[in-house]
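Worksheet for the structure shown next.
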Amino acid sequence: MDSPDKTLEVLGWKVHFREQVTDEEARQCHPVRVMAVHRGKIDVAGAEFQRFISPYILGAAPSDDHPTVGDWLLVDRDTFQPIRVLRRTSLFKRRAPGDPRKEQMIAANVDTLFIVASCNQDFSVARLERYLVLAREVGVNPVVVLTKTDLTDDPEIFAAAARAIEPGLRVEAVNGRDPDSVARLAAWCGKGETVALLGSSGVGKSTLVNTLRGSDSIATQAIRARDGTGRHTTTVREMHRLDGGGWLLDTPGMRELQLSDAATGISEVFDDFIVVAQHCRFSDCAHGVEPGCAVRAAIGEGKLTTERFDRWRKLAAEDNVNPSHFKTRAPN
Ligand SMILES: Nc1nc2c(ncn2[C@@H]2O[C@H](COP(=O)(O)OP(=O)(O)OP(=O)(O)O)[C@@H](O)[C@H]2O)c(=O)[nH]1
Ligand SMILES: [Zn+2]
């Protein structure tokens with residue numbers, strides 16, 4: 001597969017996937033992307049076709065990878081039987097409702113995660129930090145999107161607070177209803193790029209999706225009018241085409257995602273604390289009243305802030321799967 005087909009590129013085919021395909025597989029298989037997952041069948045698109053096929057990989061154990069929306073899959077050229085799932089760039093998953101031991105896959109191969117918040121009283125740095133931790137865990141590039149700029153006199157105050165969370169964090173402020181304003185997000189929504197959105201209820205995710213899609217096909221209004229709760233529900237797991245040539249993954253589970261075992265993500269978002277804490281006198285320092293605490297010292301010198309320290313501690317405490325990661329070194 002030396003020159004990936006243009007059609008595949010439109011679907012999001014990248015070097016990362018092409019490199020995984022052996023010469024023999026290239027002769028015997030088609031790479032296809034899972035566009036939608038239905039009960040008992042998946043909708044896949046390849047270089048010159050789109051069709052429903054069986055989701056079952058012959059000989060796969062229940063614990064093996066099975067295809068989810070966004071996945072790249074190799075299928076037999078003649079039978080369209082799925083052969084294997086290509087290694088993902090990112091995977092959103094959650095504990096299965098009703099069975100915490102099981103994991104449920106939500107979406108694969110998302111390039112960019114739009115973390116959506118609004119420029120009003122709902123804005124919360126702590127919440128943004130939680131979503132950033134999640135993005136790190138999943139392996140997607142996070143972009144903070146601040147909506148409702150038209151409802152505030154000074155969106156820059158919100159943007160500055162978001163940018164202060166970590167160096168280099170991309171923050172874009174938009175009026176979600178205005179296509180010209182939402183065009184700021186075009187860089188991440190171009191040909192073959194896959195995006196997903198996260199954010200709390202009412203921040204403007206559906207509005208943004210509609211503007212990005214250039215249509216009103218995820219109609220907030222109709223659903224709202226019917227159930228009156230203001231809740232918007234998407235019922236199928238599928239990829240949606242964006243105006244700019246990209247893809248949007250907006251599956252039901254996506255919006256309900258919670259932080260679960262975000263240990264790795266927390267240490268990346270708070271790596272400045274982790275680095276300083278390595279200089280605490282005691283390896284199990286709780287950064288409270290211990291003598292020789294480097295974290296307290298850095299806060300005293302104004303190098304670290306109390307606000308972030310509190311958020312770090314809070315997030316770490318919530319991570320009940322692996323509470324020990326608040327300590328910065330493994331116990332000897
Ligand atoms: N003025 C203004 N209103 C907006 C903007 N974005 C969204 N809204 C409005 O805010 C309300 C909530 O927007 P939605 O797009 O439904 O929010 P959501 O995040 O999808 O909410 P859930 O479906 O509950 O998750 C709607 O009345 C939108 O019209 C914006 O940028 N400016
Ligand atoms: Zn300490």
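In case you wondered, yes, glycine gets a Cβ from its N, Cα and C as well.
With a cut-off of 8 Å between CB atoms and residues at least 6 apart in sequence, the same chain places Val116, Ala117, Ser118, Asp122, Thr147, Lys148 near Val203 (GTP binding site), listed in sequence order. Feature annotation from TrEMBL assigns GTP binding site to Thr147, Lys148, Thr149, Asp150, Gly199, Ser200, Ser201, Gly202, Val203, Gly204, Lys205, Ser206, Thr207.
Summarising the annotation, TrEMBL assigns Zn(2+) binding site to Cys280, Cys285, His287, Cys293. Within the same chain, residues at least 6 positions away in sequence whose Cβ sits under 8 Å from that of His287 (Zn(2+) binding site) are Ala277, Cys280, Cys293, Val295, Arg296, Phe309, Arg313. In three-state terms derived from DSSP, His287 (Zn(2+) binding site) belongs to neither a helical nor a strand segment and is classed as coil.
According to TrEMBL, the domain 'CP-type G' annotation covers 102-257. Across all of the domain 'CP-type G' (102-257), the predicted model scores a mean pLDDT of 83.
Under DSSP, residues within the domain 'EngC GTPase' (108-255) fall into helix, strand and coil as 57 helix, 32 strand, 59 coil. What TrEMBL lists as domain 'EngC GTPase' is 108-255.
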Close-lying binding-site residues around ligand 1 among Thr147, Ser201, Cys285, His287, Cys293, where CB distance stays under 6 Å: Thr147, Ser201
Where the C-beta lies under 6 angstroms from ligand 2, the matching binding-site residues among Val203, Cys280, Cys285, His287: Cys280, Cys285, His287
C-beta crowding around Cys285 (Zn(2+) binding site), within 10 angstroms: 21
Binding-site residues: Thr149, Ser201 - member with fewest neighbouring CB atoms within 10 Å: Ser201
Thr147 (GTP binding site), number of other Cβ atoms within 10 Å: 28
Residues within 8 Å of the Cys280, Cys285, His287, Cys293 Cβ centre (excluding the Zn(2+) site residues themselves): Ala277, Arg281, Phe282, Ala286, Gly288, Glu290, Gly292, Ala294, Val295, Arg296
Cα-Cα distance linking Cys285 (Zn(2+) binding site) and Lys205 (GTP binding site), given in Å to the nearest integer: 41
